[in-house]
Amino acid sequence: MMRLPWRVLAPHTAPVRRASSVPAGLMNFVPACSTTDAHSLELLQDFVTRARRLFVITGAGLSTESGIPDYRSEGVGLYARTDRRPMQYAEFVRSAKSRQRYWARNFVGWPQFSSHWPNSAHKALQRWEERGKLHWLVTQNVDALHSKAGQKRLTELHGCAHRVTCLGCGAISAREELQRQFISLNPEWQAQAGTVAPDGDVFLEDEQVLHFRVPSCDDCGGILKPEVTFFGDSVNKATVQFVHERLAESDAVLVMGSSLQVYSGYRFLLAARDREMPVAILNIGPTRADHLAELKVSGRCGEVLSVIQPL
């Protein structure tokens, strides 16, 4: 079993100067962070090199570099910028008006949300898989960017906004098809798009959505919902079990771009501790699992992965 001593990484080594991994114009969703120092990069490279079957967990910090905002980042996250909060599962199921509001906002935000593409961090992880370094990747993101990058050994822990499910019969359909239905049902409806939220919806005033029409399931007439885990809902038990099995096959855990504040992802760090597996974390700012990590590196995922090789 690979073990590394705990190291507190102070920026005592001169930073390595590299071009930003974040395209111009997208930095407003990425928290402020100094360039990762060379010593930290050496330690992370050593961690990755020693691993043979690496288990990776990714969070919103990966997607902010593609221009998708997150919820919790200091100063730039949705919670810091606005008083908006995400849709709760119980409200969505209980209230037709809440569903109408949600889908109207999602309809307006969808073209922009669905147009984002993988950044250098997504592409690097896909190469790690091709090289046999990455055994399994679990993402908490619902934006499909790992899939767009070609990742195959992948579990989307919280589902994917590019899919729609029926709460009645369980049928799965493509979000793009639902967009076409929205356009057909609402040919005269218009609304001005505001800031897109992490899950793809935009802010609209209640009076703007009063006449927005939402279709039902073609098969059973049931309620249509994004195939994502809303706040207040729980991850499918079979999915959790599957991920635990992939974790058991691995020999090291690397967390990237996640504060692990949500238990659905944090539980796998607790399981890794119980298995005495080495853990490294790459993130801007503190995480819920810092005390479980043998290595903690602060930095932007794309910049750091540009110099870490899957040896």
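These residue numbers are counts, starting from 1, taken along the chain as shown.
Heads up, the Cβ atoms here are built off N, Cα and C, so glycines get one too.
Copied over from TrEMBL:
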- 34-311: domain 'Deacetylase sirtuin-type' (DOMAIN)
- 59-79, 140-143, 257-259, 283-285, Cys301: NAD(+) binding site (BINDING)
- His158: active site, proton acceptor (ACT_SITE)
- Cys166, Cys169, Cys217, Cys220: Zn(2+) binding site (BINDING)
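What TrEMBL annotates, mapped onto the structure for a quick look.
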residue: Gly59; record: NAD(+) binding site; CB count, 10 Å: 26
residue: Ser63; record: NAD(+) binding site; CB count, 10 Å: 28
residue: Gly67; record: NAD(+) binding site; CB count, 10 Å: 21
residue: Asp143; record: NAD(+) binding site; CB count, 10 Å: 25
residue: His158; record: active site, proton acceptor; CB count, 10 Å: 22
residue: Cys166; record: Zn(2+) binding site; CB count, 10 Å: 20
residue: Cys169; record: Zn(2+) binding site; CB count, 10 Å: 11
residue: Cys217; record: Zn(2+) binding site; CB count, 10 Å: 18
residue: Cys220; record: Zn(2+) binding site; CB count, 10 Å: 13
residue: Asn283; record: NAD(+) binding site; CB count, 10 Å: 26
* Asked: Do you know offhand how many angstrom separate His158 (active site, proton acceptor) and Cys169 (Zn(2+) binding site) by C-alpha?
  -> 20
* **Between Ser63 (NAD(+) binding site) and Cys166 (Zn(2+) binding site): CA-CA distance (Å)** => 27
* Setting Cys166, Cys169, Cys217, Cys220 aside, what same-chain residues sit with their Cβ within 8 Å of the center of the Cβ atoms that define the Zn(2+) site, listed in sequence order? -> Leu167, Gly168, Gly170, Ala171, Ser216, Asp218, Asp219, Gly221, Gly222
* Alpha-carbon distance [Cys169 (Zn(2+) binding site); Gly59 (NAD(+) binding site)] in Å -> 30
* Could you tell me the C-alpha distance between Cys169 (Zn(2+) binding site) and Asn283 (NAD(+) binding site) in angstrom, no decimals? -> 40
* To do: Measure from the Cα of Cys217 (Zn(2+) binding site) to the Cα of every one of the binding-site residues Ser63, Gly67, Asp143, Asn283, then give the nearest.
  => Asp143
* Asked: Rounded to a whole number, how many Å is the Cα of Asn283 (NAD(+) binding site) away from the Cα of Cys220 (Zn(2+) binding site)?
  -> 44
